[in-house]
Each structure stands twice: as structure tokens, then as C-alpha cells.
Amino acid sequence: MLKNIFFLFLIQISNYIFPLLTLPYLVRVLGASQFGSLMLAQALIQYFITVTEYGFNLSATKKIALSKSQDETNKIYTNTLYARIILALICFIIAILCTQFIEMFEREFNVIIILFLGVIGNCFFPIYLFQGLELMKKIAWISIVSKTFMTLSVFVLVKDAKDINNAALALAIPLLLPGIISFIYIYNRQLARVVSFSFRGIVKELKDGGALFISQIAISFYTTFNTLILGYIFNPTIVGVFSAADKLRIAAQSCYVPIQQVVFPRINKEAGELSTKLLKYGGFFVLISFLGSSLVFFFGEQLALLYLGNEFIISARLFKWMSLLLFIISIAIVFGQWGLITLGKEKLLTKIYVIGALCHVGYSIPLVMGYNVYGMLVSVLITEFIITLMMIFSFYKVTHSAI
């Protein structure tokens with residue numbers, strides 16, 4: 001397990017450290033307004049990535065981890081792949097419609113189309129397969145090579161504020177290349193084969209991941225949707241200020257993802273009481289997150305200001321208080337993803353996320369209109385706290401009622 005955590009950690013390093021190398025360059029060269037426009041387009045694309053990932057990174061991972069034969073693995077892989085391709089085609093149509101009929105996206109047509117290459121690549125990047133098989137070594141190096149290429153592309157292609165299309169292309173590369181390379185690698189190493197698919201099989205994969213997909217969409221209403229709210233109410237500059245802070249928060253939070261992804265299939269496979277396993281793995285996970293949150297709270301503002309520049313002083317302040325999210329979210333992962341999903345309570349988890357999303361939409365808009373980006377920060381903190389409390393209560397209710 002430790003080896004898989006290490007390689008997943010390398011993937012997360014490549015996912016966020018390499019972009020962090022380019023972030024200060026992009027915000028300075030593009031400026032707050034153009035950087036905000038890029039982030040606004042990326043927020044829309046992130047929705048499409050969420051749609052194509054559906055709930056497969058958890059539902060398909062669990063199936064492959066429990067698969068009894070290669071044929072069964074092949075069927076899961078094939079049906080999931082075709083389901084993602086169908087979803088990507090639907091998303092492309094929606095992307096075109098958005099650029100034609102929604103004002104804040106009309107001027108970002110080229111940027112959105114270029115960024116959509118990442119959606120295509122992501123369809124062919126089956127993280128669920130590698131997680132389920134607990135094989136992460138090769139994919140880690142593929143990710144590192146792709147992110148290295150992205151980093152070099154940013155510095156070579158982006159020279160001034162007019163190069164926003166080039167910046168979009170550079171950001172699409174780390175999603176496009178891993179998809180192509182991993183697809184070839186899976187075929188050559190016979191980890192899984194694309195076999196005959198059935199519409200019934202595709203529908204089954206969609207149905208099995210449906211609850212988790214709704215959860216992800218609900219989550220997006222207090223994550224990705226925040227960018228769209230700020231862009232609609234204010235302007236790209238405000239989007240740029242908030243996005244810069246959120247990028248740093250996501251990068252800090254990514255340090256926990258390797259543990260999160262490796263422990264999930266292990267909890268499903270390992271014998272023993274779930275509560276005991278959560279205490280064993282979850283206690284360590286929450287402790288690590290608390291230490292990380294403390295470091296960001298006490299030192300994050302100064303580091304962010306040095307990193308982003310004086311134009312983003314508000315971003316630095318936001319990043320400091322976003323440190324609270326790191327700790328809150330770690331608790332939610334333990335009781336939500338590791339706890340409720342393992343117990344087969346995906347629908348209950350979905351209800352929690354939907355309630356949280358509805359609450360967030362209800363108070364985030366007036367808070368943002370009254371307090372700008374600080375209102376959005378408060379909204380996100382309140383929402384994450386409410387959701388985490390509901391997860392803890394639900395987990396204990398389910399486990400105690402089963403006794």
C-alpha cells in the first residue's frame with residue numbers, strides 16, 4: 001500500500017506542483033483580467049470533466065478492485081470507456097451552445113474549444129482502472145512527463161496578455177497526453193482490453209455511478225460554480241483574484257489525495273470492522289491534515305503574497321482562511337467517501353451533497369453581492385462545515401442502527 005501511496009503522491013505532485021510553477025508567471029503575464037477570463041473558461045470545462053468522470057473514479061474502482069477475472073475487468077473497462085465518450089459528445093454540444101447564447105462565454109469561444117481537448121484526453125485516462133488494480137507506477141511517470149511538457153509550453157507560448165489561447169492550449173496538454181499515452185500502455189501491457197460493449201452494460205455503469213455523479217455535481221455547486229457566480233455578478237478580474245487563492249488551496253489539499261485514493265480500495269478489500277479501519281486510517285489522515293492546515297494558516301498569506309505578487313494581495317488573505325477547508329474536508333473524506341460509500345450508502349451521501357449545494361446557492365449569492373470574494377469564502381466554509389456534520393451524523397446513525 002505504501003508503494004501505491006508514493007506513486008499516487010508523485011501523480012499529485014505533477015498535477016499541482018508543475019502548475020504552481022507556472023501560476024505566478026501566468027498571473028503576471030496575463031494580468032488579473034485575462035487570467036480571470038482563462039479561469040472562467042476553465043471552470044466551464046471543469047464541469048465537463050466532472051460529467052465525463054461521472055462517478056466512475058469510485059464506482060468503477062470498487063468494481064475492478066473486487067473483479068474475479070480478466071473478462072470481468074475488460075467488460076467494466078469497456079463499458080465505462082464508451083459511457084465516458086458518449087458523455088463527452090454531449091458536453092461538446094453544450095459547450096458550443098454556451099459560447100453562442102451565454103454572454104460571459106461568447107468572447108471565450110476559442111479558449112473553451114481549445115480547453116475542451118483536455119476533456120477528450122480525460123475520457124481515455126482511466127484512473128479508476130489503475131486504482132482498482134493498485135498499479136500506479138507507470139501512470140505516475142506518464143503524468144510527470146505530461147506536466148513537464150505543459151510547464152515548458154507555458155513559458156514558450158505565453159509572452160503577453162494576448163496569448164490567452166496559447167495559455168489554454170498549454171493547460172489542455174496535461175489532460176490530453178496522459179489519456180493518449182495511458183490508453184496505449186493499457187493495450188500493450190494487456191491490463192484491460194476494449195471488448196464488445198452493450199448498451200445495457202453502458203447503462204448499468206451509468207446507473208451504478210449515478211448517485212456518485214449527482215454527488216460530484218452537487219459538490220461543484222460550492223466549488224467550481226463559485227467561479228461562475230463571481231464571473232456573472234462581477235468581472236474576470238474578481239474571478240482571477242479568487243481563482244488564484246483557490247488554486248493554491250487545491251494544491252495544498254492535493255497532498256492528501258494519494259492517501260485518500262489508496263486507502264479507499266484497501267478499506268473495501270481488508271477484512272475487519274469498518275469502524276476499526278476508519279480509526280486506523282482516518283485518525284492518521286485527519287492528523288496530517290490538521291498539521292497541514294496549521295502551516296497554511298500561519299504562513300500561507302506571506303508565502304502567497306510573495307508567490308503571486310502585490311496585485312493579488314486579496315488572494316493571499318483568502319488563502320490563509322481557506323486553510324480551514326483543508327481540515328474540514330479531510331474529516332468529510334473519512335466519514336463520507338471511506339465510510340458511507342463503503343457501507344453502500346451512496347444515495348444517502350448524494351442527499352447530503354444536494355442539501356449542501358442547495359444551502360450554498362441560497363446564501364452564497366447574497367453574501368457575494370454584499371461582501372464580494374470574502375462573502376464567497378464564508379459561504380464555502382459554512383457549506384463544508386454543514387456537509388461534514390451531516391456525514392458524521394449519518395455514519396453513526398447507519399452503523400449504530402445496524403448493530
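Every residue number used here counts from 1 along the chain in the order it is shown.
Note: Cβ is positioned from N, Cα and C throughout, glycine not excepted.
Those TrEMBL annotations? Automatic predictions, nothing curated.
The transmembrane segment annotation in TrEMBL covers 7-27, 81-102, 108-130, 139-158, 164-188, 209-234, 284-309, 321-340, 352-369, 376-396.
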Beyond the flanks of the transmembrane segment (321-340) by 6 or more, those residues with Cβ under 8 Å of it: 58, 245-246, 248-249, 252-253, 256, 260, 263-264, 267, 274, 278, 281-282, 285-286, 288-290, 292-297, 300, 346, 348-349, 352, 377, 380-381, 384-385, 387-388, 391-392, 394-395, 398
Range from 7-27, 108-130, 352-369 with the greatest count of C-beta pairs under 8 A to the transmembrane segment (209-234): 352-369
Positions on the same chain near the transmembrane segment (139-158), where near means CB under 8 A and six or more residues out: 7-8, 10-11, 13-15, 18-19, 21-22, 25-26, 29-30, 127, 130, 166-167, 169-171, 173-174, 177-178, 181-182, 185
Surrounding residues of the transmembrane segment (164-188) on its own chain - C-beta under 8 Å, 6+ positions past either end: 14-15, 18-19, 22, 26, 30, 34, 37-38, 41-42, 49, 77, 110-111, 114-126, 129, 138-139, 142-143, 145-147, 149-150, 153-154, 157-158, 194
Intrachain neighbours beyond the transmembrane segment (108-130), with Cβ under 8 angstroms and 6 or more residues off its ends: 37-38, 40-42, 44-45, 48-49, 52-53, 56-58, 60-61, 64, 73, 77, 80-81, 84-85, 87-88, 91-92, 95, 98-99, 136, 139, 164-165, 168-169, 171-180, 182-183, 186, 191-192
Distal contacts, the transmembrane segment (7-27) - CB-CB under 8 A, six or more residues away: 35, 38, 136-137, 139-141, 143-144, 146-148, 150-151, 154-155, 158, 167, 170, 174, 240, 244, 247-248, 250-251, 254-255, 257-258, 261-262, 307-309, 311-312
